[in-house]
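Before any comments, here is the structure.
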Protein chains: 2
Amino acid sequence: MSNLLVAQSGGPTVAINATLVGVLQGVRASGKIDKVYGAKNGIEGAIKDNLIDLNELIRDTKAMDTLTYTPSSALGSCRYKMKDWRKDDEPYRKIIETFKKYDIKYFIYIGGNDSMDTVDKLSEYCSLNNHDFFIMGAPKTVDNDLNLTDHSPGFGSAAKYIATTIAELERDINVYDIPAVTIVEIMGRNAGWLTAAAALARVNGGTGADLIYLCEKDFDNERFIADVKKKLAEKPGVLVAVSEGVKDSTGAYVSDQMSSGAVDNFGHKYIAGAARALEQMVRNEIGCKCRSIELNLMQRAAAHIASETDIIESLMLGQKALTCALDGQTGKMAAIKRLSDKPYLVEFISVPVNEVANHEKVVPMEWITPDGHDVTEEMMDYLKPLIQGETNLKYENGIPSQIKLY
Amino acid sequence: MSNLLVAQSGGPTVAINATLVGVLQGVRASGKIDKVYGAKNGIEGAIKDNLIDLNELIRDTKAMDTLTYTPSSALGSCRYKMKDWRKDDEPYRKIIETFKKYDIKYFIYIGGNDSMDTVDKLSEYCSLNNHDFFIMGAPKTVDNDLNLTDHSPGFGSAAKYIATTIAELERDINVYDIPAVTIVEIMGRNAGWLTAAAALARVNGGTGADLIYLCEKDFDNERFIADVKKKLAEKPGVLVAVSEGVKDSTGAYVSDQMSSGAVDNFGHKYIAGAARALEQMVRNEIGCKCRSIELNLMQRAAAHIASETDIIESLMLGQKALTCALDGQTGKMAAIKRLSDKPYLVEFISVPVNEVANHEKVVPMEWITPDGHDVTEEMMDYLKPLIQGETNLKYENGIPSQIKLY
């Protein structure tokens, strides 16, 4: 018997189940796997012997189709960080026990940075202990901060949601003829890729976000207020996009500047976001109408506006990870290599996971305009292909169809 | 010459341009109108002689189609409240001047409560001064609080966005195996219709929002904390939907309870929303992980997930308002009369605008469950038909096509 275990980890995206489906499609097509199991709540399911039988699902075409368009991790997720096995090898031994108990030969872990760290450590542990398992990673993160892959599954769909939402907000904030500033906070503590996607609202000629501040660039309060005043002189409705993780030159989060002094009636500190802090700043410094909006979990959960390109690539990466495992690869991650922007061409490769784990791919400074409040044409060329196409998502009784695996 | 003026007012919705298109389609079909103008920024455009020529648009089928699916008021909007003409008739005289200057015989005003008040006062003023103008209102409001119409254009699409988003968030918040409360704030200061739409996330069997609090019912902090604790005992991820306007038994906004004490570093008061206040409350009283989410402007701007039923009815109401004006009606509003839920059947009627203006249709108490944290089957039967169907929205370069009229 040679069975397969698959698991999902880290923050949810709308494409992580497409990659799971890609793995299952590969299993069905290869005919080389006897049984398929899913680990519940990521690697924790393997440690705790908490598996889900996926052998019925794999034969249910309709369910597989619905799963492709269901947001978030259908197998559950975790934030578990594996310790160094030299210090504590107990979780490693438990995982091996589970592998042996279920005759598991192949393990595919779909996730971000921490998950690739798990793939790295576990594959190293197995090799050094002469365990014959094949362990592959498949990428996933809305933040798009994974190393050695052109971009990551989930990012394109989040970017499409952000571009669409900014374009819709542009219409909304421009109906009145009075000065008003709207500040939209977008996910990204250290990487501004998602915030850059706000510029995609312009692809059909709109202004989109008038000002875009990425967390890679030091944020200057005075320059920000000056930028906003300048835009207000040109038009009444000013739309600002800002990374949640913008920091000043000392490395202090902008969100802390304002909220540090704020306490509620119980004396508890208010944890305000960056947009909220900037909203206060605009009220205090300019005094015009100002509103802050957090795209919050919607930007990583909005499967109804997923990018077809993103979903197809996510499926392909799941299939690629399986193929690599069947070919005897281990300690690698399936990745996307871009061959050209126009026409948009990619190929699917595998990369050493130890060069992915614990690295963070941030936006190159040269893709941020010198004035610090916009992105360059190179960034636009990089982003545009990733939001192309709409999916075949089915609706039932007026809302998108979804599936639950447990 | 008998020309027509059309204008939009109040808060934007994703259906208000469909009603504008309905008016223009009616003009084209009737052949009884020589020229069509739009007043920029609502009635202010009529007062200030600031009109937009719509006679080219009306012959451009593609532009009309794109306009149907473009969110917010394409003619701009205003919050202008007409004074009693007995006290100050200057704005009335200026409007009549504009009407005469452009040979305008028919005026259609698309909007909510204040706009219907304008239709009421202006039509009364014209009749009493023997001016032969025909003035009709067409409804619009995401809040669904307009009197004498079964529901209002814009509401069904906002409800579809809310139902879809809650269903997506349900997936997102249930991936981890740790207790966490997510509180979603939904528009509605005095009417809880939009918040009730959170229950529609269950139409395909999901749990949707576990607890739903409408602003019509007195909000009790202790009962709320008890409700959340009870749900946390059943499942780790608890999803709460709450109206922005929830108030305690003294009529004080819940949002004020927490934020009243909070000030930023400049000593300025924090204006926290209801969800933010309840997030603090859960942290203080229960101490588990808690997150608040405001659907904010997205719920009234998300044209990409508009309800086909809503858009079609919005078109029909624009056509109905025009037909009534051509038939010599004035001081009326086009409205929807529901004939049955299953099958869903409606007819389009006209109602006296003075019975619409300055009334607020709130959720009947008997449609809120006795425990105070959910809605009844009657409410579900009322809501379900309104979110049915997806639109023919076109995408261009990965985002929805839109049109700007100025």
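Using N, Cα and C of the backbone, Cβ positions are placed for all residues, glycine too.
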Record-annotated substrate site (TrEMBL): member among A:GLU90, A:GLU97, A:GLU234, A:GLU244 besides A:THR141, A:VAL142, A:ASP143, A:MET187, A:GLY188, A:ARG189: A:GLU244
Structural state of A:ARG189 (substrate binding site), classified by DSSP into three states: coil
Whole-number Å value for how far A:LYS140 (site 'Important for catalytic activity') lies from A:GLY188 (substrate binding site) (Cα to Cα): 15
When distances run from the Cα of A:GLU244 (substrate binding site) to each of the recorded positions A:GLY11, A:ASN113, A:ASP114, A:LYS140, the nearest one: A:GLY11
Integer Cα-Cα distance in angstrom, A:ASP114 (site 'Important for catalytic activity and substrate specificity') to A:GLY11 (diphosphate binding site): 11
Using Cα positions only, nearest of the recorded positions to A:MET187 (substrate binding site) (A:GLY11, A:ASN113, A:LYS140): A:GLY11
Binding residues A:THR141, A:VAL142, A:ASP143, A:MET187, A:GLY188, A:ARG189, A:GLU244 (substrate) - maximum C-alpha distance in whole Å: 16
For A:ASP114 (site 'Important for catalytic activity and substrate specificity'): DSSP state (helix, strand, coil): helix
Binding-site residues compared (A:GLY11, A:GLY188) - the one with the fewest other Cβ atoms within 10 Å: A:GLY11
Largest tally of Cβ atoms lying within 10 Å of a Cβ, found at which of the recorded positions A:ASP114, A:ASP143, A:GLU244: A:ASP143
Close in space, distant in sequence - A:LYS140 (site 'Important for catalytic activity'), Cβ under 8 Å, 6 or more apart: A:GLN8, A:GLY10, A:THR13, A:ALA15, A:ILE16, A:THR19, A:ILE110, A:GLY111, A:GLY112, A:SER115, A:SER152, A:PRO153, A:GLY154, A:SER314
